[in-house]
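Student: Take a look at the following structure, please.
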Amino acid sequence: MSYDQGAAAEGIYCPAPGPRKAETIYLCALELLARDGYDDLTMEAVARRSGVNKTTLYRWWPSKDALLAAALTVAAPLRISIPDTGTFEGDLTALGLEIGRLLTAEDTSPIVTAVLSASASRPELASVGHRFFSDRLEREQVIFDRAAARGEIPAGLDPAVVVDLLAGSLWTHLVLRGDGFSESYVRTVVGVIVRGTSARPA
């Protein structure tokens, strides 16, 4: 599976050419990244763990950076559904719950933590991480387009600022402080963001 840019407005994953075991390869690469770290991750290790010939990996991905970029973008555990609840507040709440899941679920939190932690000292992984978050922001753009069309937010509002506030708050709350994940916390953060970005007078 791969993500088709033409479907970005709906956040839809579309099939694209790739090895038959692409999803298995992606999962193995991410598991090894979380377990061994970026420096010790090798294409050979991914080949062994996935049961795929090393030459097949290199045919589709010329380096581990290319493989990680693909895995982070389309691997099933890291996919975020783009909500359409009918309101900006509802969409941000649903998005916040998805982000919270990524940061706390057993199958995803080690991956996200490994990428973000290693990015500070590994420019190669930082580049992969930048592509990952850029891809996510492109998919989330439709949330802001719809909200602006409904008159809920100013048309010029920068989506990156809002997503940074939402994701950054969750990262601080869950990872840095180690506080528990709750829907009430997400709703509190979203409420603050919505009040601060509303296109209507308070």
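Placed from the backbone N, Cα and C atoms, the Cβ positions cover glycine too.
Quick paste of what TrEMBL says about this protein:
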DOMAIN    19-79  domain 'HTH tetR-type'
DNA_BIND  42-61  DNA-binding region
Student: When DSSP states are grouped into helix, strand and coil, how many residues of the DNA-binding region (42-61) land in each?
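Tutor: For the DNA-binding region (42-61), the helix, strand and coil counts are 15 helix, 0 strand, 5 coil.
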Student: Could you tell me the mean pLDDT the prediction assigns to the domain 'HTH tetR-type' (19-79)?
Tutor: 90
